[in-house]
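Undergrad: Here you go, one structure.
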Amino acid sequence: MQPRVFLAVTLLALLASARALETEDASLLGYMQDYMQGYMEHASKTAQDALTRVQDSQMAQQARGWMSDSLSSLQDYWSSFKGKWSGFGFWDATPEEASPTPAPEGI
């Protein structure tokens, strides 16, 4: 084999292997990009779910606080209202102490 032909074949083999490595690198790069994109989407979804749970928990705590405050306020109002009208004896009577209403005659 002549040195020129050998040199040309060697050069073509090097170019072909370089092209194959470049294609392999490109496919590996594409794979890594897809992998990282999937990872970032998963991490983003996980973070969003965690944030939603925290917000739901905070909203539930705030709602419980509002309900507790409202109930306490209502109890205070009822006690105040009852205290104002307690002088009439209306609130002090129990159902057993209340006199029964007589039945109308003729029934």
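Placement of Cβ uses the backbone N, Cα and C atoms for every residue, glycine included.
The following feature annotations were taken from Swiss-Prot:
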CARBOHYD  THR101  O-linked glycosylation site
MOD_RES   MET67  methionine sulfoxide
REGION    72-106  region 'Lipid-binding'
SIGNAL    1-20  signal peptide
SITE      LYS45  site 'May interact with the LDL receptor'
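Map the listed features onto the structure and describe their local environment.
TA: Secondary structure at MET67 (methionine sulfoxide), taken from DSSP and collapsed to helix, strand or coil, is helix. Every protein chain shown contributes to the tally, and the Cβ of MET67 (methionine sulfoxide) ends up with 10 other Cβ atoms within 10 Å.
Mean pLDDT of the predicted structure over the region 'Lipid-binding' (72-106): 70.
With a cut-off of 8 Å between Cβ atoms, none of the residues of this chain six or more beyond the signal peptide (1-20) come close.
Counting every protein chain shown, 10 other Cβ atoms lie within 10 Å of the Cβ of LYS45 (site 'May interact with the LDL receptor'). Look at LYS45 (site 'May interact with the LDL receptor'): DSSP puts it in a helix.
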